Amino acid sequence: TRVCVAIRFKDFSKQFFGFSSLTAAESFNYKKFFEMVGLKKKSPEDVKKVFHILDKDRSGFIEEDELKFVLKGFTPDGRDLSDKETKALLAAGDKDGDGKIGAD
């Protein structure tokens, strides 16, 4: 299941076209990405749907190994994030410093 399904692919497909962070190495900017997909404007229910899609192992947390592949959830051409990009994204979402992102 692609994350776009949960947050309406049609709303974002035009924005994804040409967004180089999805494919160009070391170009991912999580602030720009989340602004582009509009997660801050989504309802709590929609955000939880996205969370559960990204939580591949159903642990209730999104860990570093799951974040590495986040772009592939938005587009089939998405690349894996580099370790540096993954760590920056994790740090942005890790509110309690435990090395993982919780649903809340």
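Cβ coordinates come from backbone N, Cα and C, glycine included.
In TrEMBL this protein carries:
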type	residues	note
BINDING	Asp55, Asp57, Ser59, Phe61, Glu66, Asp94, Asp96, Asp98, Lys100	Ca(2+) binding site
DOMAIN	42-77	domain 'EF-hand'
DOMAIN	81-104	domain 'EF-hand'
Query raised in the report: Which one, from the binding-site residues Asp55, Glu66, Asp96, has the smallest tally of other C-beta atoms lying within 10 Å of its C-beta?
Result: Asp96
**Report entry** Residue counts (helix, strand, coil, in that order) that DSSP gives for the domain 'EF-hand' (42-77)
**Finding:** 19 helix, 3 strand, 14 coil
**Report entry** DSSP helix/strand/coil residue counts for the domain 'EF-hand' (81-104)
**Finding:** 11 helix, 3 strand, 10 coil
Query - Nonlocal residues around Lys100 (Ca(2+) binding site), in sequence order (Cβ under 8 Å, 6 or more apart) - result: Phe61, Ile62, Glu63, Glu64, Leu90, Asp94
